[in-house]
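Here's the structure we're looking at; comments come further down.
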């Protein structure tokens, strides 16, 4: 029978979704929102990502990115680590997905269980690689430099990075179940 094992299908669905979410989380400049900044308009919000800082007036939706980093935000270790690990994770995810696609091979009689299992391990690792900076950043969110007296909250990019990491980890785990077939053979 040409039936593809359910675990492989689960892995091939979850991992690309995870890739899309971590890619958005990596590129979009909103890991942290800084609002209610003293001596600034009440509706001004600063959005800080790992590559850019944007300011937006909520009332007019005037948004300006490429803001100067006056407080040394980009020099902070959690931000630097995220700048290195998030893109590395994305590359690893892409490689894992190529391996998974070749291993699952829906167009042939039998999947390559060993290759699918190895791809699952790679995807599991890539999920962990993006989960580490997201977690560390969250842990240090209130310690990173900000104007005293301002309000800090988690931004959507950080949430997407978390969700994407978790989907990659779950998808990778599902694909590693392919090793079970190798052992049986």
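From the backbone N, Cα and C atoms, a Cβ is placed for every residue, glycine too.
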Q.
Which range is it, out of 45-67, 114-136, that shows up in TrEMBL as transmembrane segment?
A. 114-136
Q: Could you tell me which of the ranges 68-87, 88-107 is annotated in TrEMBL as transmembrane segment?
A: 88-107
Q: Could you tell me what the rest of the chain brings near the transmembrane segment (88-107), counting residues at least six beyond its ends with Cβ under 8 Å?
A: 2, 4, 8-9, 11-12, 15-16, 18-19, 22-23, 26, 113-120, 122-123, 125-127, 129-130, 165, 168, 172, 175, 178
